[in-house]
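A.B. asks: One structure is given below, represented as structure tokens, and several questions about it will come after.
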Amino acid sequence: MGLTPDFLSFCLEFSWTFLLVVIFFFIIFKVTKSHSVNKSKKYKLPPGPKPWPIVGNLPEMLANRPATIWIHKLMKEMNTEIACIRLANTIVIPVTCPTIACEFLKKHDASFASRPKIMSTDIASDGFLTTVLVPYGEQWKKMKRVLVNNLLSPQKHQWLLGKRNEEADNLMFYIYNKCCKDVNDGPGLVNIRIAAQHYGGNVFRKLIFNTRYFGKVMEDGGPGFEEVEHINATFTILKYVYAFSISDFIPFLRRLDLDGHRSKIMKAMGIMKKYHDPIIHDRIKQWNDGLKTVEEDLLDVLIKLKDASNKPLLTLKEIKAQITELAIEMVDNPSNAFEWALAEMLNQPELLKRATEELDNVVGKERLVQESDIPKLQFVKACAREALRLHPMEYFNVPHLCMNDTMVGDYLFPKGTQVLLSRVALGRNPKFWTDPLKFNPERHLKEGIDVVLTEPDLRFISFTTGRRSCPGVTLGTTMTIMLFARMLHGFSWSAPPNVSSIDLTQSSDDLFMAKPLCVVAKPRLAAELYSTNEFK
């Protein structure tokens with residue numbers, strides 16, 4: 001008699017359970033001594049589920065994947081806006097209230113300015129050489145200065161304007177071709193997720209490497225195989241970089257890779273290196289051989305940075321690692337925000353009408369939107385801000401690690417505590433937002449006040465705040481608003497035939513739409529505005 005799929009599944013589940021039991025008993029013998037060291041200290045901590053000895057709430061976490069959803073469900077059941085979850089020897093503090101979040105990131109920012117050192121961030125940062133994922137210390141300070149002063153300064157932002165414009169123009173060209181040519185999906189049907197993610201990937205490649213394509217140039221302006229593989233690897237890293245891997249809390253299990261996170265991140269990082277490294281090596285050789293003498297992109301800037309002794313400021317490993325982290329940072333929020341916003345606006349056509357009317361009034365229909373128009377596009381910016389509030393990319397912000405015993409309110413948090421600010425719960429907190437689940441850009445419009453995508457009071461999280469705030473606010477805001485503005489100004493959007501309304505169902509294990517948004521686009525400007533210099 002053959003082995004049935006059900007029997008094999010049972011064996012796999014039994015093996016996993018048995019292995020966990022063995023691991024837990026092993027931990028009891030190995031860590032009881034170290035665990036007892038902390039018993040002399042009594043900390044008053046927020047409420048939370050009763051932990052098991054030694055392993056804490058790890059069994060519940062492993063039984064309720066994904067952990068992000070389990071934590072939110074747990075806090076809702078407990079009716080609390082701050083909780084304490086013990087995962088082995090790690091204390092995790094999720095927060096869903098903006099007022100409490102500000103206590104951590106504004107009042108006590110200096111104490112919570114570090115990051116945990118875990119398997120996924122070790123791999124993604126190539127040994128903690130970058131900025132966002134790196135613990136507080138000299139390496140972080142060094143790389144933060146590089147970003148702020150050399151890559152993302154106002155001067156560099158203006159220097160790179162032409163490259164950003166090229167990719168905004170190419171986006172128009174690509175969507176126009178989808179409108180006007182018979183394609184596999186039918187004339188005019190556009191996969192918004194692919195288009196928006198491709199735009200983010202294009203901007204990254206153009207700013208860093210001065211190219212749109214790693215492989216063959218696609219005549220329709222769309223992504224080729226290499227670009228699709230690259231962007232997919234980027235989102236894989238984003239998915240697993242802080243995914244509550246069991247080895248984050250029991251480090252000696254890293255090599256066993258019980259949940260598969262390590263292999264997935266390693267594979268994705270291999271893809272990133274496959275495309276990045278040859279370009280970086282060749283560019284360094286060009287500079288060393290005197291074949292290149294003028295800086296043309298941010299890779300050139302990184303290579304030519306000098307220290308006080310006029311020696312290269314960055315090592316080859318630091319350059320590679322920081323470029324990969326920039327790729328991760330540049331592609332996520334703009335694409336996800338626009339996909340959700342367009343879906344919401346198609347179900348509320350009056351919002352779509354108001355946005356296009358604003359664009360027509362500010363820009364007209366004889367030219368394309370430019371970055372210089374952004375200050376006047378208050379409603380478009382409000383739509384983007386509302387999308388970031390209601391539909392964040394991740395459940396939690398990057399963890400903040402407590403660097404010393406710290407009193408916050410009535411609680412004393414021990415050194416090593418990890419604080420997680422819930423992006424989804426902060427933005428949907430009914431105490432701070434009226435009708436929080438409704439997409440309502442109007443809530444962000446106030447007479448005489450410019451709409452911005454930042455939120456220093458942490459009523460939602462876009463670029464966060466404090467020492468670990470994102471240094472790329474200007475670039476991130478520009479990319480997001482230009483994506484919204486170009487797509488809404490350049491095309492009329494409608495649901496596919498026989499679809500009465502857009503399905504706004506959220507994915508079961510992340511915050512993407514359950515199905516990629518595929519809608520019909522029609523050009524609303526003169527045909528010559530959609531062509532680019534490259535393809536004329």
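Placement of Cβ uses the backbone N, Cα and C atoms for every residue, glycine included.
As listed in Swiss-Prot for this protein:
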type: TOPO_DOM; residues: 1-8; note: topological domain 'Cytoplasmic'
type: TRANSMEM; residues: 9-29; note: transmembrane segment
type: TOPO_DOM; residues: 30-536; note: topological domain 'Lumenal'
type: CARBOHYD; residues: N38; note: N-linked glycosylation site
type: CARBOHYD; residues: N232; note: N-linked glycosylation site
type: CARBOHYD; residues: N404; note: N-linked glycosylation site
type: BINDING; residues: C470; note: heme binding site
type: CARBOHYD; residues: N498; note: N-linked glycosylation site
A.B. asks: With an 8 Å cut-off on Cβ-Cβ distance and a minimum sequence separation of at least 6, pull the same-chain contacts of N232 (N-linked glycosylation site), or say none.
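C.D. replies: The list for N232 (N-linked glycosylation site) reads I271, given in order along the sequence.
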A.B. asks: Just counting, how many other CB atoms are there within 10 A of the CB of the residue listed as 'heme binding site'?
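C.D. replies: Within a 10 Å radius of the Cβ of the residue listed as 'heme binding site' lie 20 other Cβ atoms.
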A.B. asks: For N232 (N-linked glycosylation site), which DSSP three-state class applies?
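C.D. replies: Its secondary structure by DSSP: helix.
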A.B. asks: Based on Cβ atoms within 10 Å, give me the single least packed residue among the glycosylation sites N404, N498.
C.D. replies: N498
A.B. asks: Measuring Cα to Cα, how many angstrom lie between N498 (N-linked glycosylation site) and N404 (N-linked glycosylation site)?
C.D. replies: 59
A.B. asks: Looking only at the topological domain 'Cytoplasmic' (1-8), what is the mean pLDDT?
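C.D. replies: Its mean pLDDT is 48.
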